[in-house]
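Colleague: Attaching a single structure in structure tokens format; questions to follow.
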């Protein structure tokens with residue numbers, strides 16, 4: 001035996017593989033206010049005890065590896081390791097468990113969602129001892145929240161910039177999403193804004209393709225915005241998509257948008273990445289631009305019930321990284337969204353303090369302290385008949401975005417925008433008068449359509465349209 005080996009042995013190092021639960025399962029641990037807390041839905045492989053599976057998640061997402069290493073003795077594992085401190089079975093599921101893990105704050109770089117996710121939702125999701133793993137929720141401690149700028153401006157500052165109060169904001173995604181020339185695209189933007197919408201939107205697929213380069217689109221959309229503003233006397237905006245293949249190109253587009261004097265730009269935060277998104281959010285605050293966020297790719301991550309990551313975690317991450325709007329499900333329409341769960345992460349986006357409420361999928365109390373709120377965006381298969389439900393469910397602090405529900409109007413874009421604006425104003429007035437939109441909504445829309453031919457035509461076109469499928473996102 002060499003002297004070196006003897007030294008290691010005498011120091012107490014013992015090579016080999018040992019159960020994770022001996023080090024990382026600590027049911028007696030009392031969580032600290034500074035810990036990041038995670039709730040994982042764990043599906044262990046057959047024969048793997050839930051305690052070992054939960055401990056493996058804590059280990060592999062913090063300081064652990066598959067075997068004992070002598071360098072463990074050069075640091076304080078008790079200070080830096082993640083701890084699985086509680087496990088509970090999932091009701092109605094035979095082999096699924098919720099494992100609660102606490103992470104010391106020192107494991108994470110300040111102000112970096114990228115670093116936080118690299119640890120918590122990194123290699124551990126491919127771990128062989130687990131059949132599946134889903135991150136259901138995170139508790140971000142105040143000490144970590146305060147290292148983030150968050151949304152560039154937030155809900156109240158946006159309303160002040162736009163001078164729009166007391167109602168949801170109205171938007172529309174320009175269709176067809178691909179193939180229009182820049183000039184025809186700008187024309188569609190102008191007609192929608194002139195008709196009464198607050199915003200129009202680049203589809204997330206629109207970046208800078210051969211049929212419409214980004215600079216041409218920005219110029220024609222800016223022209224449409226200024227023309228519509230002059231005619232209506234209202235502040236208008238178009239979500240100019242700054243998403244690009246490189247961060248440098250993304251910033252070039254944001255700078256050009258600022259030079260044009262438009263109020264808002266857009267970013268695909270999951271396909272673009274959190275580092276790019278946080279960079280853009282910082283620029284937007286410094287330069288007075290609002291930032292609209294699209295969540296393209298989210299369903300790849302969040303749609304399966306037993307593996308991946310719930311959207312409430314992605315919503316929290318966006319609030320930390322930065323965005324003034326984000327698409328967040330409709331409850332009605334064509335896209336996924338179960339009511340109580342959706343309202344849970346809507347509160348996580350908008351409110352300063354959100355209590356734990358398992359009936360809405362909220363596993364931890366979350367305190368955002370001074371981090372600004374994010375406006376949730378409703379889009380996907382919605383039309384004028386949905387307006388009462390959307391107004392009643394989501395209240396004033398939301399953006400209602402009707403793509404086909406505007407551009408599909410039989411008389412064209414501007415009448416489609418008029419129909420949506422009239423329907424919204426009628427619903428807001430009825431609500432303010434104390435009427436029950438859940439019960440009287442259709443009557444409110446019918447009454448308004450008697451003096452708005454544009455709304456009457458829209459009501460006729462979409463009276464039979466429904467999207468009736470069972471929601472996959474259930475508790």
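Backbone N, Cα and C define each Cβ position, glycine as well.
For 3, the entry in Swiss-Prot reads N-acetylproline, with the evidence type sequence analysis. The N6,N6,N6-trimethyllysine annotation in Swiss-Prot covers 14 and is backed by sequence analysis. The annotation substrate binding site is assigned in Swiss-Prot to 123, 173, 177, 295, 327, 379 on the grounds of sequence analysis. Annotation comment: Swiss-Prot describes 175, 294 as active site, proton acceptor. Residues annotated as Mg(2+) binding site in Swiss-Prot, with sequence analysis given as evidence: 201, 203, 204. Positions annotated as site 'Transition state stabilizer' by Swiss-Prot, on the basis of sequence analysis: 334.
Can you tell me where each of these features sits in the structure?
Modeller: Taking the Cβ of residue 177 (substrate binding site) as centre and 10 Å as the limit, one finds 13 other Cβ atoms among all the protein chains shown.
Neighbour density for residue 175 (active site, proton acceptor): within 10 A of its CB lie 16 other CB atoms from the protein chains shown.
With a 10 A radius on its CB, residue 204 (Mg(2+) binding site) counts 20 other CB atoms from all the protein chains.
Secondary structure at residue 294 (active site, proton acceptor), taken from DSSP and collapsed to helix, strand or coil, is strand.
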Colleague: Widest Cα span across the substrate binders 123, 173, 177, 295, 327, 379, in Å?
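Modeller: Among the residues the record ties to substrate, max Cα distance equals 37 Å.
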Colleague: Minimum Cβ neighbour count within 10 Å among the recorded positions 294, 295: which residue?
Modeller: 295
Colleague: For residue 175 (active site, proton acceptor), which DSSP three-state class applies?
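Modeller: Reduced to three states, the DSSP call for residue 175 (active site, proton acceptor) is coil.
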Colleague: Among the binding-site residues 201, 327, which residue has the largest number of other Cβ atoms within 10 Å of its own Cβ?
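Modeller: The largest 10 Å Cβ neighbour count belongs to 201.
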Colleague: Have a look at the recorded positions 175, 201, 203, 204 and say which one has the shortest Cα distance to residue 295 (substrate binding site).
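Modeller: Result: the closest of the recorded positions to residue 295 (substrate binding site) is 204.
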Colleague: Provide the three-state secondary structure of residue 123 (substrate binding site) computed with DSSP.
Modeller: helix
